[in-house]
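See below for the structure under consideration.
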Amino acid sequence: MSHSTDPRPMTARRSGPLRGVAQVPGDKSISHRALILGALSVGETRITGLLEGQDVLDTAKAMAAFGAQVERLAEGEWSVHGVGVGGFSEPEGVIDCGNSGTGVRLIMGAMATTPITATFTGDASLSRRPMARVTDPLALFGAQIAAREGGRLPITIQGAADPLPVRYRTPVASAQIKSAILLAGLNVPGETVVIEAEPTRDHSERMLAGFGADIRTETTAEGHVITLQGRPELRAQPVAVPRDPSSAAFPVAAALIVPGSEIRVPGVSRNPTRDGLYVTLLEMGADIAFENTREEGGEPVADLVVRHGPLKGVTVPADRAASMIDEFPILSVIAAFAEGATVMNGVAELRVKESDRIDAMARGLEANGVRVDETKDSMTVHGMAQVPGGGMAVSHLDHRIAMSFLVLGLATQAPVSVDDGSPIATSFPDFLPLMQGLGADLG
Ligand code: S3P
């Protein structure tokens with residue numbers, strides 16, 4: 001669904017110590033994949049803990065449009081009766097993926113090797129984002145693609161009738177490209193191979209294996225080589241979605257920067273391909289304990305206990321970027337309160353997210369009195385003992401930018417405002433009540 005909601009200005013004010021338990025929502029990446037693999041399986045997939053943010057709801061609607069039976073049973077509990085690999089039917093209308101890059105890229109992959117035609121669209125943010133990175137490899141399978149200039153949405157894909165297996169080296173570190181190719185490879189005879197220079201989030205590989213696909217990952221001189229055997233019969237599975245480490249990052253950051261805070265964040269995924277922020281925070285001296293480490297839904301999870309304390313600036317190496325790609329906006333907020341500079345290297349991909357996140361963070365931090373240096377692919381935030389605040393940040397239809405600046409304002413001298421907090425609903429619909437429940441003064 002494209003969002004026609006009016007802009008919703010929000011403000012955060014300096015708050016007293018944050019206390020309590022933050023039950024953050026289900027993982028967005030895993031929620032999309034559970035719906036898509038459920039739709040491509042035979043039988044009923046029961047999903048618990050599904051994120052009911054707008055991005056995922058748009059994917060649920062899309063799966064129904066391709067012929068799956070998708071039903072909400074209770075809060076976070078969904079049932080998907082799949083149509084099997086190759087069983088998608090042609091949707092009657094346009095598939096509107098709203099704000100979601102993951103949704104549109106994975107679904108384009110999932111339908112590109114079935115002989116049906118579908119047209120994809122999205123909101124103003126998604127319509128600016130590069131799609132050729134996915135449609136180029138899908139064309140190698142034999143799909144016919146018509147896109148707007150520059151490979152942008154809206155895009156129409158005529159799926160390949162006789163798809164050929166593909167061996168593809170991803171040009172940028174991207175789990176969305178990898179996953180689109182793997183999902184396309186499901187309906188292809190023979191082996192589809194994706195090679196990535198650096199590992200990206202591996203939820204698709206884990207879940208495909210869980211649904212019975214023959215998939216393996218090897219580390220060779222070429223890089224990470226993922227090989228999928230085509231035309232498996234995917235068997236419906238129960239999926240328990242762990243809590244999202246990218247959403248957890250917001251209350252965690254708030255507790256780190258608001259003096260006297262101590263919070264608990266239970267059941268957060270600690271998948272090593274998503275863990276870069278937490279590795280970085282420990283290097284900065286953050287007081288974070290990981291308790292009850294266990295496995296849930298095929299993913300390692302832990303309960304986080306986070307306390308306020310002094311932080312120091314660090315240099316984040318480029319080879320860590322993929323494992324924390326969505327966390328740089330909130331890291332740049334935390335860095336504003338650290339002693340010294342925090343240097344983030346190898347972050348060019350931030351420029352093609354829901355917004356240009358380097359530009360959005362740099363301008364918003366500067367408006368609140370923080371010094372930031374940027375290059376094409378790096379960002380440096382200079383920490384200070386007292387962060388002035390008092391400025392307005394522009395969210396550019398980007399949920400993570402809006403939430404980052406609201407967290408900033410909980411510890412600045414003067415309040416921080418964002419022009420539009422409505423995009424927060426795409427990934428973290430209960431952000432405001434959850435933060436208010438911890439004692440944060442925002443709204
Ligand atoms: C995602 C992959 C990442 C990430 C996005 C979710 C996924 O994008 O930024 O929020 O679920 O595969 P890229 O693949 O473009 O890095």
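Cβ atoms here come from the backbone N, Cα and C positions, even for glycine.
Annotated features, as they stand in TrEMBL:
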BINDING   Lys28, Gly101, Arg129, Gln176, Arg357, Arg400  phosphoenolpyruvate binding site
BINDING   Lys28, Ser29, Arg33, Ser174, Gln176, Asp326, Lys353  3-phosphoshikimate binding site
DOMAIN    15-433  domain 'Enolpyruvate transferase'
REGION    1-24  region 'Disordered'
Annotated binding-site residues Ser29, Arg33, Ser174, Asp326, filtered by Cβ under 6 Å to ligand 1: Ser29, Ser174, Asp326
Asp326 (3-phosphoshikimate binding site), number of other Cβ atoms within 10 Å: 24
For Arg129 (phosphoenolpyruvate binding site), the number of other Cβ atoms found within 10 Å of its own Cβ: 19
Residue from Gly101, Arg129, Gln176, Arg357 whose C-alpha is spatially nearest that of Arg33 (3-phosphoshikimate binding site), among the binding-site residues: Gln176
Cβ contacts of Lys28 (phosphoenolpyruvate binding site) (under 8 Å, same chain, 6 or more positions away): Leu51, Gly53, Asp55, Val56, Thr102, Asp244, Ser246, Ser247, Ser427
Within 10 angstroms of Arg129 (phosphoenolpyruvate binding site), Cα basis - binding-site residues out of Ser29, Ser174, Asp326: none
Secondary structure content, the region 'Disordered' (1-24) (per DSSP, counts of residues): 0 helix, 7 strand, 17 coil
Count of other CB atoms lying within 10 Å of the CB belonging to Lys353 (3-phosphoshikimate binding site): 21
Alpha-carbon spacing, Arg357 (phosphoenolpyruvate binding site) to Ser174 (3-phosphoshikimate binding site), which is rounded to whole Å: 16
Neighbouring C-beta atoms (10 Å sphere around the C-beta of Gln176 (phosphoenolpyruvate binding site)): 23
Arg400 (phosphoenolpyruvate binding site) versus Lys353 (3-phosphoshikimate binding site) - Cα distance in angstrom: 10
Cα-to-Cα gap, Ser174 (3-phosphoshikimate binding site) vs Gly101 (phosphoenolpyruvate binding site), nearest whole Å: 11
